[in-house]
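According to TrEMBL:
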- 1-22: signal peptide (SIGNAL)
- 22-316: domain 'Plant heme peroxidase family profile' (DOMAIN)
- Cys32-Cys111: disulfide bond (DISULFID)
- Arg59: site 'Transition state stabilizer' (SITE)
- His63: active site, proton acceptor (ACT_SITE)
- Asp64, Gly69, Asp71, Ser73, Glu85: Ca(2+) 1 binding site (BINDING)
- Cys65-Cys70: disulfide bond (DISULFID)
- Cys117-Cys312: disulfide bond (DISULFID)
- Pro158: substrate binding site (BINDING)
- His188: heme b binding site (BINDING)
- Thr189, Asp241, Asp248: Ca(2+) 2 binding site (BINDING)
- Cys195-Cys227: disulfide bond (DISULFID)
Amino acid sequence: MEAIVALAFAFLVFPFSSPAQALSSNYYDHTCPQLESIVRSAVQNAMSNDKTVPAALLRMHFHDCFIRGCDASVLLNSKGKSKAEKDGPPNISLHAFYVIDNAKKALESKCPGIVSCADILALAARDAVAMSGGPSWEVPKGRKDGRISLASETRQLPAPIFNISQLKQNFAQRGLSIKDLVALSGGHTLGFSHCSSFQNRIHNFNATLDVDPTMNPSFASKLRSVCPAHNKVKNAGSPLDSSNLIFDNAYYKLLLQGNGIFSSDQALLTTPKTRALVSKFASSQKAFEKAFVESMIKMSSLTGGQEIRLDCRVVR
């Protein structure tokens, strides 16, 4: 309950701007027509060397938008004792910031001072999905970059241990619906989780059970072998689904089989409405992709910045 109150309070203090803040798909058509091809090349080049880049960029965009809107505050570096979002506990494992840096550098040489880091990140997330076999879409553009980035605000992010009430409230505070919650959770089709994010389900689950009984026993056993109770292996963990480099609907199929990784994944099966959406997306890749695109556009239209940064990691 305290976590929910903290989230609600944080939202009241730091409201997002209206989604209608002059975003447009042709925002840079005259000022920087090469924008999309430059960002696409940066993502493509990074992917050719590191297959984890798409998951990293998609997660980075989510984590940016859920704090102060999509304002690239997640890219800012900490300064002295003032810790930025990227150094908050949920963001320490974020990576591939260099992809945005590379795109920004190329754009500054072609159209200096024109394109926001927030727009670059939104486009990079879209390209990451499309290049992983998922859908593509027109990204509304015209975001500004934020000047404030606080590690303490990362507690506003939805946590992997959240139950359905906490998830619904967290998304509703950002104007996102239950359908958005289930569709955007499908982003877990890409990626990897460290043991610490699901340890609560496979060791000391409660006073009488060691393992979460909603988990498929053989899946739980596999996770326990990778993540023992006193795990000392720094990068130990598990892919978030069985085809974690491909954007597909396997996440939902696995969830229905008791093979979801996080408590927050399992939570999607605990109400009739969210469970029905999981079943719908599990049975139709097309329905999932359509809902995902609509929800991504909605989420990425949360704005809150004030400037165009020349260096994505430093305020002007």
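Cβ from N, Cα, C; glycine included.
Predicted automatically and left uncurated, TrEMBL annotations should be read as such.
Here the features listed in TrEMBL are painted onto the structure.
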residue: Cys32; record: disulfide bond; Cβ within 10 Å: 18
residue: Asp64; record: Ca(2+) 1 binding site; Cβ within 10 Å: 29
residue: Ser73; record: Ca(2+) 1 binding site; Cβ within 10 Å: 27
residue: Glu85; record: Ca(2+) 1 binding site; Cβ within 10 Å: 27
residue: Cys111; record: disulfide bond; Cβ within 10 Å: 16
residue: His188; record: heme b binding site; Cβ within 10 Å: 26
residue: Cys195; record: disulfide bond; Cβ within 10 Å: 21
residue: Asp241; record: Ca(2+) 2 binding site; Cβ within 10 Å: 25
residue: Asp248; record: Ca(2+) 2 binding site; Cβ within 10 Å: 20
residue: Cys312; record: disulfide bond; Cβ within 10 Å: 22
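Annotation: no recorded positions among His63, Glu85, Cys111, Thr189, Cys227, Asp248 have CA atoms within 10 angstroms of the CA of Cys312 (disulfide bond).
Taking only the Cα positions, the spacing between Glu85 (Ca(2+) 1 binding site) and Cys70 (disulfide bond) is 13 angstrom. Other Cβ atoms within 10 Å of the Cβ of Asp71 (Ca(2+) 1 binding site), summed over all protein chains shown, number 31. Within 10 Å of Cys70 (disulfide bond), judged by CA to CA distance, lies none of the binding-site residues Pro158, His188, Asp248. Around the Cβ of Cys65 (disulfide bond), a 10 Å sphere holds 29 further Cβ atoms from the protein chains shown. For the recorded positions Cys65, Ser73, Cys111, Pro158, a Cα to Cα distance of within 10 angstroms from Cys227 (disulfide bond) holds for none. Nearest neighbour of Arg59 (site 'Transition state stabilizer') by Cα distance, taken over the binding-site residues Gly69, Asp71, His188, Asp241, Asp248: His188. The Cβ of Thr189 (Ca(2+) 2 binding site) lies under 8 Å from the Cβ of Leu240, Asp241, Ser243, Asn244, Ile246, Phe247, Asp248, Asn249, Ala250, Tyr251, each of these being in the same chain and 6 or more residues away along the sequence. Taking the residue listed as 'substrate binding site' as the reference point, the recorded positions whose C-alpha atoms are within 10 Å of its C-alpha, out of Cys32, His63, Asp64, Gly69, are His63. Around the Cβ of Cys70 (disulfide bond), 31 further Cβ atoms fall within 10 Å across all displayed protein chains.
Non-local neighbourhood of the residue listed as 'active site, proton acceptor': Val74, Glu85, Pro90, Asn91, Leu94, Thr154, Leu157, each in the same chain, at least six residues away, with C-beta under 8 Å from its C-beta. Asp71 (Ca(2+) 1 binding site) is 7 Å away from Cys65 (disulfide bond) when you measure Cα to Cα. Within 8 Å of the centroid of the Cβ atoms of Thr189, Asp241, Asp248, where the record puts Ca(2+) 2, the same chain has further Cβ atoms from Gly186, His188, Leu190, Leu240, Ser242, Ser243, Asn244, Ile246, Phe247, Asn249, Ala250, Tyr251.
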